[in-house]
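Visitor: Sharing the features that TrEMBL gives for it:
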{"type": "COMPBIAS", "residues": "A:1-12", "note": "compositional bias 'Pro residues'"}
{"type": "REGION", "residues": "A:1-20", "note": "region 'Disordered'"}
{"type": "DOMAIN", "residues": "A:33-224", "note": "domain 'Electron transfer flavoprotein alpha/beta-subunit N-terminal'"}
{"type": "BINDING", "residues": "A:274-275, A:288-292, A:305-312, A:N326", "note": "FAD binding site"}
Amino acid sequence: MSDAPPNAPKPPAAGRAGTKRELPERFKAYRHVWVAIECEHGVVHPVSLELLGEGRKLADKRGVDLAGVVLAGDSLTAAQTAAAAFEHGADLVYTVTAPILAHYRNETYTRAMTDLVNAHQPEILLLGATNLGRDLAGSVATTLQTGLTADCTELAIDDEGSLAATRPTFGGSLLCTILTLNYRPQMATVRPRVMAMPAREPGRWGRIVEHPLDLSEEDVVTKVLRFIADRESDKAQLAYADIVVAGGLGLRSAENFQLVRALAEVLGGDYGGSRPLVQKGWITADRQIGQTGKTIRPKLYIAAGISGAIQHRVGVEGADTIVAINTDPNAPIFDFAHLGVVADAIELLPALTRAFQAHLSVNRLAG
Amino acid sequence: MHIVVCMKQVPDSAQIRVHPVTNTIMRQGVPTIINPYDLFALEEALRLRDRLGGEVTVLTMGPPMAEESLRKALTFGADRAVLLTDRAFAGSDTLATSFALAAALNKISQEFGEPPIVFTGKQTIDGDTAQVGPGIAKRLGLNQLTYVARIADLDPAAGTITVERRAEGGLQVLQTRLPVLITMLEGVNEIRRGSLDDAYRAARAQVVRWSAADAGITELARCGLKGSPTIVKKVFAPQGRAEKVRQVPTADRSADELAIDVIAAIFRTQPPLEDDLLRFAAGQ
Ligand SMILES: Cc1cc2nc3c(=O)[nH]c(=O)nc-3n(C[C@H](O)[C@H](O)[C@H](O)COP(=O)(O)OP(=O)(O)OC[C@H]3O[C@@H](n4cnc5c(N)ncnc54)[C@H](O)[C@@H]3O)c2cc1C
Ligand SMILES: Nc1ncnc2c1ncn2[C@@H]1O[C@H](COP(=O)(O)O)[C@@H](O)[C@H]1O
């Protein structure tokens, strides 16, 4: 085992890192805001577009360009991904196109990304906090020996022009704002659905800068043997559902949880639950909503028998309308719900299912 | 085969309370636990050892009291525990943490044999960054396998490993060469109940305790607060919503009547939703 990752910068001079605002000379040329555009199996991950929306604001505040970074296996994928980036606010797009980038691998992507950063020197680099983004961000930050703030809920530029990245801490009970003072780029990851999707501007276009990758398949140790796609029915579309119905321990049994699914189905929505339900095995882990589960941003969120702990709250606050059903009028969920119903969810859920069904069919006949 | 598992002692954050007036964390009396995600890594390591022979070393960087969680790991059946503890590590962010752990892993290699597999958990519940694993891998030049759901094949003689890795929309089947760093996905196994023998052994075992110097760290500027490029500017409590919840009156209403009121209230709050739903119903 050795301690010299390729692409590493020279070790910084000894001193109290982070306590001085003065940026070392070698970082002074670092400019512009970059967003990694994640594309797997031909699909651009929506979190990357959400980040472009946020990146646009940061770039405008700094008076710099917003660039998308596209790593792709072929030029068609690269072009399509770049187009999506332009339509969602990028001024320019850096592309690295090589067959060995067709599937995500840590080694190849880290190399392509660190090459790009060293060549074009961004001041801020944002990635989605997906499995891919987290895997990549950790390696890139270590290779470049810069700071990385994970799972941010808010990004801003402070008075002195630094990226102020805010994230939950202490199990979500508090928030903290983190700065990367004298290293560049300042890196952050953000989970899907935490930031709003920017409006798409069809036909918007910009400059593409192609960068070579000096790496061939023989140099890469890790091989992708296969990809086992999740069954369609297993793919919880929870994070992107317009309507979500969720249950908590107040439902008292796995059987009663079916009442949540029934209501979700009538509404054409998706369903989920609080973390204890995963621990009890009533729902699978990909249905968990909250800080250590999914962040959702539906138009309508109905929470039945959920107390509204802070770890749950941070995952649902982006919903347009939150309806809470809870027997306890003092439950914390009523601190952030829009509509509250102090009632027994086990009775109200089936009543809601019936009433929605009736409402929708009557109005359809009338219409 | 020698396997190392990195684990962290964390406060049981379910029991952390925020002081209602000062908005500061009340740490006093909060019990500590082994980071729950690390137990999946430990169990996977123990299973490999049981199958292939060898030893499992658990490694923690933390204050002296972190020895407690190492002892707990010994009761589960780990063979050796190493505590990396030094004032110089205080205030480490992920970069400084992975620097120190990488140094300790090098020392472990020298003292107890090079591990073909180093495990970490997916993430910690207090840091939540999921970066320390990748950071260690990069520093030590280990092939990195994150979010591993299953070890499909391991051939120590050939020096190869095949795993299923959780990716967006499916599992990636990856094959690579040892040595590797694996971050284990949660929920893929369940930590065993240790045997009575293990409990006795754990009670008597000597936890290896290393300072920064013991681990061969000479560049103290890369440790702790000094070695951390990120700084915490402020910590604050989330703000309450200005707008108050509107309660739907429930007195004297049957469940069915109440349901009708609730639906009306929802559509009053957000009229376009009714059209969306009607369109969905029409499409069925
Ligand atoms: C590090 C960490 C991460 C976490 N991450 C998450 C996360 O991502 N997501 C998450 O959800 N939690 C998470 N938690 C757990 C969280 O702290 C809470 O423990 C959890 O959300 C509580 O779940 P609950 O509301 O279902 O259960 P409870 O808190 O037990 O609440 C049950 C509620 O149901 C009500 N009730 C009882 N009977 C009825 C009835 N008949 N009808 C209507 N209401 C009824 C009760 O009044 C009560 O408010 C995390 C915790 C930690 C420490
Ligand atoms: N202080 C530490 N000592 C040992 N292992 C650690 C420490 N901090 C983090 N780890 C390991 O790194 C993983 C990821 O941690 P984190 O990046 O904090 O989410 C954890 O699951 C642990 O396995």
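Any Cβ shown, glycine's included, is placed from N, Cα and C.
I'd like these features described in context: how deep, what's nearby, how far apart.
Guide: Non-local neighbourhood of A:G290 (FAD binding site): A:S274, A:R275, A:A309, A:Q311, A:H312, A:R313, A:V314, A:G315, A:V316, each in the same chain, at least six residues away, with C-beta under 8 Å from its C-beta. Reduced to three states, the DSSP call for A:G290 (FAD binding site) is coil.
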Visitor: Of the binding-site residues A:I306, A:I310, A:H312, which ones put their CB under 6 Å from ligand 1?
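Guide: Those binding-site residues that pass the cut-off, since their Cβ is under 6 Å from ligand 1, are A:I306, A:H312.
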Visitor: Have a look at the binding-site residues (A:I306, A:I310) and report the one with the fewest Cβ neighbours inside 10 Å.
Guide: A:I310
Visitor: Counting Cβ atoms within 10 Å of each candidate's own Cβ, which of the binding-site residues A:S274, A:Q288, A:T292 comes out highest?
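Guide: Per the Cβ count within 10 Å, the most buried is A:S274.
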Visitor: Is there any among the binding-site residues A:S274, A:Q288, A:G290, A:I306, A:G308, A:I310 whose Cβ is under 8 Å from chain B, and which ones, in sequence order?
Guide: A:I310
Visitor: With every protein chain in view, how many other Cβ atoms are within 10 Å of the Cβ of A:H312 (FAD binding site)?
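Guide: A count of 26.
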Visitor: For A:G308 (FAD binding site), which residues in the same chain are close in space, meaning a Cβ under 8 Å from its Cβ, but six or more apart along the sequence?
Guide: A:A324, A:N326, A:A331, A:P332, A:I333, A:F334, A:D335, A:F336, A:A337
